[in-house]
Every structure is written in C-alpha cells, then in structure tokens.
C-alpha cells in the first residue's frame, strides 16, 4: 500500500478494505447468493408455480398495494409534519420532533400488538370505527395502518433537512412578484422538495414491502385476503417447503435490488438539486468553508443524503460537527 | 446549560423568524389546519400506540406486571436479547469503522458499489434475511450435513439468532460514519502522519475524537434494532421457550396465548428501551451541535 502510485499518506488501506469486503461477503453477500443459487437449481415450472400460486399472487397485490398506499399517505402527512416542525412554533415541539423517530426505535412486534390493541373492535380507536362498519384490525386495512406507522419517519426525516436548508429569499422574491402563498408553495417550494419527497416515498415503500413484525399481528392473516408476501415465505418454511420459500424470497430480493437502485438514483438527484440548483441550501447557517476546498467533497452532499435517509436520521449530526470545525 | 438554552433559542428563533415574515408565513387558518392535521396524525399514529403499550401493561396491576417480567422464561429472553446485542453491536462497530475508513480515506474502484452493498440489509425483508441463514446452515442447507456431523447447531439455536441480528444491523454504524468522515476530509490525519504519528495513534487521537458522537449514535441505533429485531430472528430461532426466545419473540408467544397483560408488560420493557434510545439520540444530537 505504501508503493501506490499516488502518495497514499494514510495507513491501513489493505487492512480496512480487506476486512470490510470479507465481513460483508461472509455476513451478507454469500448468504444472499444462496437464495439465487438455490432458486436456479429449481426446475423452471416448479419455480413459476411457486411464485404465481393464487395465494402468493394475492399476497403480492396486498403487500405492494398497501405499501404504495401507505407511502402515499406518509408523503402527505410526513410533509405536513415536517413543515410544522420547521416553520411553526407550538407547545411540545421538541417532544414531537424526538418522537417522530419512534417507529425506528420501537421493535416491530411491540408496534404490532399496540396497533392491534388500538384498532381491535373493543380498542381505543376500534370501538368508534366498529359502529361505522369500518373494520381495521384483522383485515387489509390493518396492514395499511401498520405500514403507515413504520413508514412515517422516512418521509419526515428526508424532507425536514431540505426544508430547514431552504433559502427563504426565493419565497420573498415570489411574494414581491405578487404570487399568492399557494402559488409560491406550488411553484417555488414544492419543486425543491420534490426529490426529497420522492426519496422518502421510495424509502417508506421499500421498508413497507418487506415489513413483517408489525403487520402479522394486526393483519389477521386470512388466506387470499390479508396475507402479506413475507408471511407466505414463513408459511412455506413451516411446511418445510424450502424451495417454495426460496422462490418467493428471490422475487422479493429482486424487488429489493430494484428499489435500492431507484432510491440511489433518487438520492443522487435530490443531492444534485440541493447542491447546485438555484435554491442552494444555505439557509441561515453559514456554509462550511470546507465545502469548496476539499478534494473529494463533490460526493459529500450525496453521501450525506444517502446515509441519513437510509437510516432515517437527519443530516443534523453529520452537518453540525462540520460547522463546529469550520468556525 | 447555557448551550441548551441557546440551541433551543436558535431553533425557536428560526421558526419565529419564518412566522414573522410576510413572505414565509401562511394565514392563520391555513397554519391552524396544517398544525391540526399534522399533530392529529402524529397523535393517532405515534403517540397512541406508545401509550396503549403502557396502559395495557399495567391493566392488571403492578403485581402481574412484575411477575411477567421476572418469570424464568422472560428472564432467559432478557438475557438472550442482551447477549445477542452484546455480540452483534461490537462486531458491526468494528466493521463500520473499517468500512468508513476504507471508503472515506482512500480512492478505489467500485467504491459506490461497495456503499450500495453495505446498504443492502436495509432493503432486504427481515424474513428473507432469516431465510438465507436457513438455506446455508439448516439440515437441508449447504453446510447442514457437515454441521450435524460435528454436532454444531446454528439454526434453531443461539448462533443463528446472533447471525440474523448481525445481518440486519450491518449498515447502521457504517452509514452514520461515512458521510461524517467524508465531510471532515483526511487532512487532519495526513498532518498527523506527516508529524510522525503511527496508524493506531492517528486513529486514536485524531479520528476517534472527531467521530465519537456519530459513532455513539450509530451504536445506539444498531443496539435498538438488534434488541428489537423480530422477523429475521423469528425465522431462525425455532421458538424454544426459555432457550431460543428473544424478548420480541417472547412477546409474540404471550400474545398468541391471549396472555395480553404479560405480553404488554414485556413489550413495555422494549418500549422503554425505544424511549431511552430516543432520549440518548436527542442528547447526542445536542452534544454534537455543541461541540
């Protein structure tokens, strides 16, 4: 490593990269490859039968349909919540801000039984919906409620930092030019938020498609009606139908890969739009001077957006120490 | 303490500033409707589920609550959960630091691909994460015959639970460190090397102080996930009471036995852990801002 063509001052390249790749291969990549290797050993018609059985098809419809719907609901209310947190003062704001992350921290099984208790016929919410003929728990609507719960922070935490960094000068210019507030929002603010909103949507959707713990308690798991795709894998496994389970898992994995690619693309777009669009994200904070004089910071904004969005945390932590250092 | 007030004030100030300006505020009716919609949604979807856990847990009184947490199966579930997290978090800590060091301190081909691959466990369904280890280590799996010949049990035993927990928490710490270390750049470390510091000295005295809050943050997040993981662990555990039951699985068993008070009592323990995680997270964010 010392003999690399460019002067590589820092030590530990071989060690750290070697360890990273070996660890990732052993824990993640080789086991995941097992799914595809096992699937490729299946006869094609057996594979096709396993992944297109009516019950499995019904589970795709439910999982994907409800995940889409939940992500859409979260996009609307996540935006409202992020907007309220950034733009308004209200009592308990700090608490609300901290609790938005609850679905990340709360184990899914706990969320599952809590939501079931709320929406069951005699629950706090269920008892008011039941007389109206709306049955949430133990049906497809229950799946939707669980997926909304676990997806919410993804949208809030991707939109919030963008909204915080949003330059208000553009809004002032729009107002000076005679735009109504709604017009300003629609034509000035929303275009800047759009990539972040879509990223949040995609993250919430990706998480919802694979979600298991919070859903199985509230779904009721009625065949053809409220069975999600991950549950189909579990039920195949319980019948010792390993190849059937693997076939469905390979379909889900392909969907995960595609979503991951889409999310990466969206985040790159989002970072580009934040980084160089007319509405450069400077806000009231001083932009750290490192931004221009580091050699490899071109990808910084993107990495930041990715990292934070993936874990669903805010750019606060990543951004603040930089400011501290730059001052 | 002065710093808290000032950060509070600056955040407060920003919203106040935006509210005070004609160009960046909405009329009171619009503002009111947005707040009501956002906060009702928050109340129904986040606050009520949290509250109901504690209310249901104490529905039959403190006696039942304490009993549910101290019976032998619950105690063994607590120990197993703590143990699995105690193994998987340090493993992913070392991995996260190594990955962030390689990715942010050196240029190499395929870096973007590596970053994407580190993210992979986030987008894989937990059930699939459990299944992959079944395919590799179960009796019907790749190493099944060899493992059973040597009398080693991984699936439906503790090693499987640890492996599944490690899998789902792989990205947390790396994902926290990479953006931060990328932003900080490598000049400080390079200066240390030029001044004669050795590799570990550089890491210990230059890098670590710069990344400690992000590191702690990543540890907290991955710990919360490790202790709360359900789907992946459920596939590999085999649900043997008192042996391979983690806390979330214990909640499921109690719930399916219609022992709701006990299920919610154990769940409340996990909910407290989640609240503690959020408190520490807020504290770390505050410290990071102050530094």
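Any Cβ shown, glycine's included, is placed from N, Cα and C.
Just so you know, TrEMBL annotations never went through curation; they're auto-generated.
Looking at A:188-206, A:283-301, the range annotated in TrEMBL as transmembrane segment turns out to be A:188-206. Note: the stretches the transmembrane segment (A:20-41) and the transmembrane segment (A:137-156) are not in contact (fewer than 3 CB pairs below 8 A, sequence gap of 6 or more).
When each of A:62-84, A:104-125, A:137-156, A:213-233, A:245-266 is scored by its Cβ pairs under 8 Å to the transmembrane segment (A:188-206), the top-ranked stretch turns out to be A:62-84. Tallying C-beta pairs under 8 angstroms between the transmembrane segment (A:62-84) and each of A:104-125, A:137-156, A:213-233, A:245-266 places A:137-156 first. Counting same-chain residues at least six beyond the ends of the transmembrane segment (A:137-156), those with a Cβ under 8 angstroms from any Cβ of the stretch are 62, 66-67, 69-71, 73-75, 77-79, 81-82, 85, 100-104, 108, 111-112, 115-116, 119-121, 123, 126, 197, 200-201, 203-205, 207-208, 211, 214-215, 218-220, 222, 225-226, 228, 309, 312.
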